[in-house]
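Trainee: So that we are looking at the same thing, I have put the structure below in structure tokens.
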Amino acid sequence: MASTTPADTPPAPPVPGPGSRSTGRLGDKVFLGLSKGSGILLLVIMASIAVFLSYRSVIALSDNEGNFLTTFEWNTAGDPPVFGIAVLLFGTVVSSIVAMVIAVPIAVGIALFISHYAPRRVAAPLAYVVDLLAAVPSIIYGIWGALVLVPYLEGLNSWLDEFFGWTYVFEKTEIGIPRSLFTVGILLAIMILPIVTSVSREVFLQVPRMNEEAALALGATRWEVIRLSVLPFGRSGIISASMLGLGRALGETMAVATVLSPNFLVSLHLLNPGGGTFAQNIAAKFGEANEFGRDALIASGLVLFVLTLLVNGAARLIIARRKEYSGANA
Amino acid sequence: MAKRIDVSGLSAYYGSHKAIDDISMTVEPRSVTAFIGPSGCGKSTFLRTLNRMHEVTPGGRVEGKVMLDDENLYGSSVDPVTVRRTVGMVFQRPNPFPTMSIFDNVAAGLRLNGSYKKNELAGVVERSLRGANLWDEVKDRLNKPGSGLSGGQQQRLCIARAIAVEPDVLLMDEPCSALDPISTLAIEDLISELKERFTIVIVTHNMQQAARVSDRTAFFNLAAVGQPGKLIEIDETDRIFSNPSVQATEDYISGRFG
Ligand SMILES: Nc1ncnc2c1ncn2[C@@H]1O[C@H](COP(=O)(O)OP(=O)(O)O)[C@@H](O)[C@H]1O
Ligand SMILES: [Mg+2]
């Protein structure tokens, strides 16, 4: 290391041997110390957060009378306390799935339009607007969702109920404002659309010219070029983009809390009001909870954390498995 | 089925920059025609006007006429997608579809056309790979990705992909310039075989290669950098290399410039 970096401080010896590496290399030493130090500091902070959260969780869990994973109840003030994450896990996963199912295809479509269909003078402003949407704070989406989206969705819900009620999922058995997991899913879809679009668009723009020309020269139409060259090249990028969006959807707090009317029931009737998510439940209960209640909420937060880690790990696995086909060596 | 190409008065532009000026030539069916000339004289540009690939470059524009037998490729009712299905192309750098298997790479064009019978596909793929002298090397790993092959094998895979759809014409833009000498020889041998069935146009930087593989040679040149490239002369390859009719051709071939 020391002998390969060019000496930029004047008094450095011509060929610094291993023993003399410190002379005249104060900058190197300081930088090494700083980067080593901050690396260690980061690890220490992460570890202490993990230890702290686990410690508090264990306190709460050891007094829990219910089964933490299967109980449909959140009563931390009772004697004995009974609480479980079943409803939260269900609500979080279901609303995120709804969001992904809606958002990813639309985002990929918009990204393809911007990168491959729109004329340049349309594409640039459109890309800019999409990027701008990503910067809107989530509480704004929440307010908009509650004031505009929810009333608007009543019509859509009746329509879904009428024509797809037989699927059970879209059967609406309770009348009332649709402050449901389905509505939350739609709102989350709108919220993650910009980030999924931006990242996908960036990837689509990086498709090597020669990959696209390979398809063109075979007589591919524009859509066939996309199918043969752009989408295969962009696949891992779409997965990464979706995971970014999913991460946001899983952890979204304010928008969900503003739109959902929570309860502690699990129902596959997605149009009915009710349900809850990890983040929404923490936001709603943290303020007024006693210390034990907070510990219980921390335990649920840990589960959300693990869930996010699992999702990311799965995404990495998928991407790694496709590496052989990625074209890196083409 | 091999067809005759008849170009007249062809110019091509990149935006306002004229890259080639007023080119006319005839390419006979079942022959190999080589394009030679210094860098930037518009060989690639001209080649790409022959399958309407030039116009996919932003700002790309063409004037003039290219007749394939008796059809004008630039006729107002002609769909460029159809043109590219009948005029195949092989690029300078091998570009197999990286996510596809070897088999799917060769089958890609047929699947686009949709005009094949399922039970014939394997036969066409084998015939094309044999045609590209690649079959023996890949027959045991047809479902492995094409990007795992060596450069020379990848280029032959691209040739197999191009000939699988039985084009009328095969265009090659410096197909050996990214390859080692042995792979280059393999491809040159292949070209000599393919000319039995196809009309072949090849751009090459390598004069010996032009002399070895082509029946006719066209020499392009440009007056100065920034000026459009022009066709200086086209003639029998023997003639171009022994006794060209233009002094500039002789200078270029004898290595006095370029
Ligand atoms: N994509 C492009 N955009 C603008 N000009 C281009 C482009 N490709 C080539 N040119 C110009 O067209 C001229 C001919 O280039 P090219 O056909 O690649 O020459 P050759 O293949 O003979 O080396 C050159 O002046 C080059 O700068
Ligand atoms: Mg070229």
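Cβ from N, Cα, C; glycine included.
Since we're looking at a predicted model, the values are computed, not measured.
Pulled from TrEMBL, these are the listed features:
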REGION    A:1-23  region 'Disordered'
COMPBIAS  A:8-17  compositional bias 'Pro residues'
TRANSMEM  A:39-62  transmembrane segment
TRANSMEM  A:82-114  transmembrane segment
DOMAIN    A:89-315  domain 'ABC transmembrane type-1'
TRANSMEM  A:126-153  transmembrane segment
TRANSMEM  A:180-200  transmembrane segment
TRANSMEM  A:249-271  transmembrane segment
TRANSMEM  A:296-319  transmembrane segment
Trainee: May I ask for the residues of the chain that lie six or more residues beyond the transmembrane segment (A:180-200) and have a Cβ under 8 Å from a Cβ within it?
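Mentor: 91, 94-100, 102-104, 106-108, 110-112, 114, 127, 130-134, 138, 141-142, 145, 149-150, 153, 157, 234, 237-238, 240-242, 244-246, 248-249, 252, 255-256, 259-260, 270-275, 277.
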Trainee: Near the transmembrane segment (A:249-271), which residues from the same chain, at least 6 beyond its ends, have a CB less than 8 A from one of its CBs?
Mentor: 72-74, 86-87, 90, 92, 94-96, 98-100, 138-139, 141-143, 145-146, 149-150, 157, 160-161, 168-174, 177-185, 187-188, 191-192, 277-284, 304, 307-308, 311
Trainee: Quick check for me: are there 3+ Cβ pairs below 8 Å between the transmembrane segment (A:126-153) and the transmembrane segment (A:296-319), leaving out pairs under 6 residues apart?
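Mentor: No, the transmembrane segment (A:126-153) and the transmembrane segment (A:296-319) are not in contact.
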